Structures are given as structure tokens and as C-alpha cells.
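Quick look at what Swiss-Prot annotates:
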type: BINDING; residues: ARG78, ARG103, ASP130, PRO131, MET132, LEU133, ALA134, THR135, GLY136, GLY137, THR138, ASP199; note: 5-phospho-alpha-D-ribose 1-diphosphate binding site
type: BINDING; residues: ILE193, GLY198, ASP199, ALA200; note: uracil binding site
Amino acid sequence: MKIVEVRHPLVQHKIGLMRNAALSTKDFRELANELGTLLAYEATADLDTEPHTLAGWAGPVTVQRIAGAKITVVPILRAGLGMLSGVLSLIPAARVSVVGLQRDEETLQPVPYFERLTGRLEERDALILDPMLATGGTLIATIDMLKRAGARRIKGIFLVAAPEGIEAVKAVHPDVEIYTAAIDAQLNDKGYILPGLGDAGDRIFGTRVG
């Protein structure tokens, strides 16, 4: 499995700012989108291109264009939406596929409740967006969903990832690539990443549970 912890100074600076518990909703949301852009830049560095000849100001010129079908971006509801605008600012022609999962309180396993995927997935790179890769259960379920629909090349983009989640995904889907701003120390007994960011969904949307 390809695992990339992006060590670019701007990425490290921004993820550091997000760890501040006193950070405003506005600033947290803006940083999530900015990091979405930077991480997507890294995740798309190996896209295939093909030559294309067009009419330049001084005559014909050959340029490079992205080959194949448009990328699909796959935000996981709801927190993944907090990174979507940043990724689309980099890839404005991307198709958007949306998935939603919730935990079954008896089995503790993620259960899909919403799925709206673009067509021709077998021809597209799929970029999954979720601020946190914690236990890996949600990501595994999302990858399962995409592969059933025909997706072959899948990458996950996360603000923060836990080693336990990475290993869980690696055991089931070693062909998937992971891009993250930080691989943190561990999960606590409630499945939260330490030191982490807290509940990224609540911090992006300005809500609190309970």
C-alpha cells in the first residue's frame, strides 16, 4: 500500500493550526479546504497525460492534457464535505460521488444510508475525502462500495490518520493509496485519534453532539 504523509511546510503549518481547540469554526473550515487542495495536488501527481495540439498565439503548439475520463471526488458525509470545495478548486471538472454511512449500534459496523455515484467508475480515478482516518471501518466500507460499482483506482485523502486505521485498510485493500497531512500516535478507547483534531465534522459545521 502506498502511504504518503505530506511533509510540505505549508501542509504542516496548516494542520498544526487546526489542532488548536480554540480555533473558530470559520478558520477550521477554511483550513480544511486549503489542506484539501494541497493534499489533492499530491494525490494527483501521477495522473496520466496525453499530448494535444492546439492553436497557440504563434501557431500550433502541443500541450499535455489529463488523459481518460474525469476524476470523481467522493466526500463521505458529512465531514468530507468540508474538504470538497478545496479539491474542486484544483479539479473543477471533477465529477462528485457522495456516500453516507452510519454506525450500527449493535454490530458497531458502518452501514451505508446514502449512495450517489457517478457513472463509468471503471474509467476514473476516485478520490475519497474524509478529514479523519480513525479505525478504518468507514473507509473500508466506502472502498467496498466503489469497487462494487467498478472503481479500480482509488485514493483516500485525509487531514489526520491513525496507524490502526491505516493497518486495517491495508489488510483488506492494499491497492488503495493514502494521502494525509499527519499520521498521529494512536486511537483512544473511544476510537478518537490522538492527538487528533477532535470531532472534525462538528468543528467544520459548528455543531456539538449531546
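Placed from the backbone N, Cα and C atoms, the Cβ positions cover glycine too.
Shown here: features listed in Swiss-Prot, placed on the structure.
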residue : record                                              : Cβ neighbours (10 Å)
ARG78   : 5-phospho-alpha-D-ribose 1-diphosphate binding site : 14
ASP130  : 5-phospho-alpha-D-ribose 1-diphosphate binding site : 25
MET132  : 5-phospho-alpha-D-ribose 1-diphosphate binding site : 27
ALA134  : 5-phospho-alpha-D-ribose 1-diphosphate binding site : 24
GLY136  : 5-phospho-alpha-D-ribose 1-diphosphate binding site : 23
THR138  : 5-phospho-alpha-D-ribose 1-diphosphate binding site : 23
ILE193  : uracil binding site                                 : 28
GLY198  : uracil binding site                                 : 16
ASP199  : uracil binding site                                 : 16
ALA200  : uracil binding site                                 : 24
C-alpha spacing of ALA200 (uracil binding site) relative to THR138 (5-phospho-alpha-D-ribose 1-diphosphate binding site), in angstrom: 15
Neighbours of ILE193, GLY198, ASP199, ALA200 excl. site residues, C-beta within 8 Å of centre, uracil: PRO131, MET132, VAL160, TYR192, GLY196, LEU197, GLY201, ASP202, ARG203
Spatially closest candidate among MET132, ALA134, GLY136, the listed binding-site residues, to ASP199 (uracil binding site) (Cα to Cα): MET132
Entries of ARG78, ASP130, ALA134, GLY136 which, being binding-site residues, have CA atoms within 10 angstroms of GLY198 (uracil binding site): none
Euclidean distance between Cα atoms of ILE193 (uracil binding site) and ASP130 (5-phospho-alpha-D-ribose 1-diphosphate binding site), Å: 14
